[in-house]
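Chemist: This is the structure I have questions about; it appears just below.
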Amino acid sequence: MTEYKLVVVGAVGVGKSALTIQLIQNHFVDEYDPTIEDSYRKQVVIDGETCLLDILDTAGQEEYSAMRDQYMRTGEGFLCVFAINNIKSFEDIHHYREQIKRVKDSEDVPMVLVGNKCALPSRTVDTKQAQDLARSYGIPFIETSAKTRQGVDDAFYTLVREIRKHKEKMSKDGKKKKKSKTKCSIL
């Protein structure tokens with residue numbers, strides 16, 4: 001069974017834990033309890049393949065930012081979460097993405113942009129803004145509500161699909177490099 005290491009990142013209070021707990025335990029946690037770091041595991045079937053999701057729910061608080069490099073090194077894919085009623089959390093996505101790329105030393109890291117709290121009426125981040133940002137990054141965008149469960153499975157499953165595509169691409173690139181080495185002739 002394939003295991004996928006997923007990391008949920010985003011600013012404080014955007015609903016990272018609520019999304020993760022909704023996926024794992026099928027219920028909404030409405031009291032806010034800031035996370036330092038929690039790990040969850042769940043077996044799921046995605047596109048006919050049984051797989052194990054190893055999900056790291058991270059701290060949004062700036063005082064825990066030193067821990068980020070460590071979990072970013074081990075993560076295979078990242079849910080970059082903002083709250084649709086918090087423009088600052090949306091603006092912070094750029095910093096998380098840059099840190100992930102720096103730590104992974106790659107421009108091509110599997111990510112999904114997630115706009116959480118879409119059931120709330122007080123939207124400050126327009127859907128088109130988020131779609132445009134995701135398009136500029138070349139990553140999928142999904143709106144979610146941890147409260148109603150809307151888009152929750154879709155967000156995590158889409159990230160797994162992005163990781164699969166990335167692994168496929170990397171193995172094809174590796175094969176191309178190997179093939180080109182065998183075609184070299186020295187005269």
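Using N, Cα and C of the backbone, Cβ positions are placed for all residues, glycine too.
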Chemist: Which stretch does Swiss-Prot mark as motif 'Effector region', out of 32-40, 41-49, 140-148?
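Modeler: Going through 32-40, 41-49, 140-148 one by one, Swiss-Prot gives motif 'Effector region' for 32-40.
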Chemist: Return one of helix, strand or coil for K16 (GTP binding site), based on DSSP.
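Modeler: The residue in question, K16 (GTP binding site), is helix (DSSP, three-state).
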Chemist: Return the single residue from the binding-site residues list (G10, G13, N116) that has the minimum number of other CB atoms within 10 Å.
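Modeler: Across G10, G13, N116, these binding-site residues, the one with fewest Cβ atoms within 10 Å is G13.
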